Amino acid sequence: MASCVGSRTLSKDDVNYRMHFRMINEQQVEDITIDFFYRPHTITLLSFTIISLMYFAFTRDDCVPEDNIWRGILSVIFFFLIISVLAFPNGPFTRPHPALWRMVFGLSVLYFLFLVFLLFLNFEQVKSLMYWLDPNLRYATREADIMEYAVNCHVITWERIVSHFDIFAFGHFWGWAMKALLIRSYGLCWTISITWELTELFFMHLLPNFAECWWDQVILDILLCNGGGIWLGMVVCRFLEMRTYHWASFKDIHTTTGKIKRAVLQFTPASWTYVRWFDPKSSFQRVAGIYLFMIIWQLTELNTFFLKHIFVFQASHPLSWCRILFIGCITAPTVRQYYAYLTDTQCKRVGTQCWVFGVIGFLEAIVCIKFGQDLFSKTQILYVVLWLLCVAFTTFLCLYGMVWYAEHYGHREKTYSECEDGTYSPEISWYHGKGSKGSEDSPPKHSNNNESHSSRRRNRHSKSKVTNGVGKK
């Protein structure tokens, strides 16, 4: 019996590995202030599920076959999300509630299974499914068939420039602001922005709407829309990095206004981590990981345009913008999990959301290739090879610039935004490269300096004035 117990004892490395992986895959909520929202309600959900199924099964009118199928699909999705709340991991985020991120992961699993299902259909069946969802898609036309691109580029007038500031320019701006919040690196954001414009050039022979005038690509897209969004997102990142996170309990707030503000702040991050994608002492594996990150990012963007071109629906259709919003939701935990896997030596496997996101990206590409064989038969392999080499070159150029900046202007001291309801520890280093020897300016783990520094920080937090749930000095 003793030998059996001893064989189950985990080593220190196993404990550290499980702790690091849990922080990105099963983040826990500490210092819970309202127990009701975090207490398990499995019996309640079971009773609700059984009663609701009995009600809809015996009371609704089932005379219309199409309504039966549609409502059956919605019910399957709804109850699958309930199972997601009960069984799936929280992921790296806990705000506004872990149940929300469990449902996001559940939706990503459903979308993954839907893509697998599409692979076993033919093109006519897929189109029939689309027409069943929206009969108006029978009359949809490709944008490339009714519009001209890159025409009279030498004619540059103020009226023509202003006409390009449409809803898509607005989407570019806010889209890049959100991307900057996720990536949190000027170098990588600008590299992805420039690389995407080059991607459009290399795939212009397949998608005519990628053709743009030079001033549209350089000035309007890269500098104004993308650049403005990157700047706004990074300003918000710097603001969140500089804040001191010390969340107060609802019980400690005695004013109605304070409780309302604290409830609103529940939808803000519990903490904010300064990221460092590349370190001068990082190994080649870190460089290859960032290159893979950029390839998957570009592939996900390409899928957006290939899907609507092959299956013929407008960019304004819900099939297009709902997919974009959905991909944006699952990208947030994916980037956090991939960054931890790439930079933390103790995290030796990717998170589940990151794994599912990668599969979704490649499955979408496979779906496009299967149902767009006529389109991809025109592919020029030389352009694809040049595109891969171009992405590799820009990646290495970006990383070299980041290393040069770090060596000449010094390393920025890493800051930890702590929160009382998180399990984040300042003793855990997030920016050691995989296979790297470690950075000299990073403090050793479990040192007295770290303990005293953490103690001083907790003392400082305990003395801070609590206002609307956030401690301010």
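Glycine too: its Cβ is placed from the backbone N, Cα and C atoms.
With respect to the membrane, Pro96 and Trp215 are recorded by Swiss-Prot on the same side. Annotated range for transmembrane segment in Swiss-Prot, selecting from 145-165, 187-207: 187-207.
Looking only at the topological domain 'Cytoplasmic' (308-319), the predicted model's pLDDT averages out at 90. The topological domain 'Lumenal' (57-72): residue composition by secondary structure is 11 helix, 0 strand, 5 coil, according to DSSP. In this chain, the transmembrane segment (103-123) lies out of contact with the transmembrane segment (287-307); the count of Cβ pairs under 8 Å, excluding pairs fewer than 6 apart in sequence, is fewer than 3. Under the criterion of 3 or more C-beta pairs below 8 Å, with sequence separation of 6 or more, the transmembrane segment (217-237) and the transmembrane segment (187-207) qualify as touching. By number of Cβ pairs under 8 Å, the transmembrane segment (103-123) is matched best by 356-376 from the list 187-207, 320-342, 356-376.
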